[in-house]
Amino acid sequence: MAQVVLIGGIRTPYVKMGNAFKDLTADDLGVSVIKELLNCFNLGGREIDEVIIGNVSQPAEAANVARVIALRAGLPKSISAYTVHRNCASGLQAIADGYDKIALGLADIVIAGGVESMSNIPFLYGKELRELVAGIMSAKTVSAKIKLLAGLKLKYLKPVVGLLAGLSDPLIGMNMGQTAEVLAETYDISRKEQDEFALASHQKAEAAIKSGRLKREIMTMFLADKNAVVNEDIGPRFGQTMEALTKLKPVFKKPHGTVTAGNSSQITDGAAAVLMMSKDAAKALGFETDVRVYGYAFAGCEPKTMGLGPVYATQKLFNRDGWRLDQMLRVEINEAFAAQVLACLRVFEEEGMGALNPDILNVNGGAIALGHPVGSSGTRLVLTLMNELRLNDLTGPALATLCIGGGQGGAMVIMR
């Protein structure tokens, strides 16, 4: 099989929902990163064999958003594009699909990434209103339309918040925050531990931003309609304190829960993409071939403890490819919830995989500080690892892993 290398990547700033990106659609965000990626590597677009984009809340007005993004970004119509959806791992799934295509010789150059505009997840209406509107539209006369309209009741106008529906598991009747509460209770993870973890995420993100370590992965976004520029994440709280975190009330298990808005990931808009090539294609074009995708795995688990998915996916990957946790030079575990990451760290040890060195975990902060645009996060984890290996001149493997709503986990090892 062909070796698969990561040439580079880019992402938008990650911006809290309802903020600077609230008027940008998922395809707007995706177009920005694809254009920037092509520009960074001086590619015209004809070199690309496939575009693969992860997206969770797929917009009705941009079906197969990957294709919409590719064409709006100026790629030739002859280049195919498709969208993948594996909940929070959609961006990782895109890279996994790109890896498969290149490794099997089905493509030489792939753009893989993820996009999410959580600000634009729609409100939904129930069956009664849908049937009423359908009846009015199909009625043949004005009097018939008026008669149907007279049957409108105020309760029909109560919307379902699409965001909340999307963050809930229909099989167990729980939202993702409630599954984090299950882990906190099962593994005796205190509120204090969770808040301390959240504080560290913000502190690491603040340090990374101030030092410029994140500049390599973040593009500048020009918002012409607002006459504004966004060139860093809007989410990390500079000067965050334990005092501020401890004042927050539990959200998912009132009044005695431990999971709060402060120790959970932020709801965010953003996009990320990486350029993947076969090693031979990269050499022919004169690109660096130092970072390769070594392998990936996905695994299922109990939906109520979906947060443990990273343990089982990592275990599956390591058992197959012969890795150990203590070999990893950097590890990115998506911070869906502080309780979820802390539970994973405990179960890594319980499963005999060893203790994870905290100094190599989420070194620039994680989703609690940076945000979690669900379709994009998996791509960001890999992008961050690639840059960390290069910036610190590290030679060896690094692990990206994350939990997936519904009871799954994804893991990928890259190597320099």
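The backbone N, Cα and C atoms fix where each Cβ goes, glycine too.
Going by TrEMBL, these are the annotated features:
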type: DOMAIN; residues: 4-280; note: domain 'Thiolase N-terminal'
type: ACT_SITE; residues: C88; note: active site, acyl-thioester intermediate
type: DOMAIN; residues: 291-415; note: domain 'Thiolase C-terminal'
type: ACT_SITE; residues: H372; note: active site, proton acceptor
type: ACT_SITE; residues: C403; note: active site, proton acceptor
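Classification of C403 (active site, proton acceptor) by DSSP places it within a strand. Secondary structure of the domain 'Thiolase C-terminal' (291-415), assigned with DSSP and counted as helix (H, G, I), strand (E, B) and coil, comes to 57 helix, 31 strand, 37 coil. Counting only residues at least six positions away in the same chain, the Cβ atoms of C88, M306, G307, L308, G309, P310, N334, A336, Q340, C344, G409 sit under 8 Å from the Cβ of C403 (active site, proton acceptor). Ranking the active-site residues C88, H372 by how many Cβ atoms sit within 10 Å of each one's Cβ puts C88 at the top. Mapped onto three states, the DSSP output places C88 (active site, acyl-thioester intermediate) in strand.
Over the domain 'Thiolase C-terminal' (291-415) the predicted model carries a mean pLDDT of 97.
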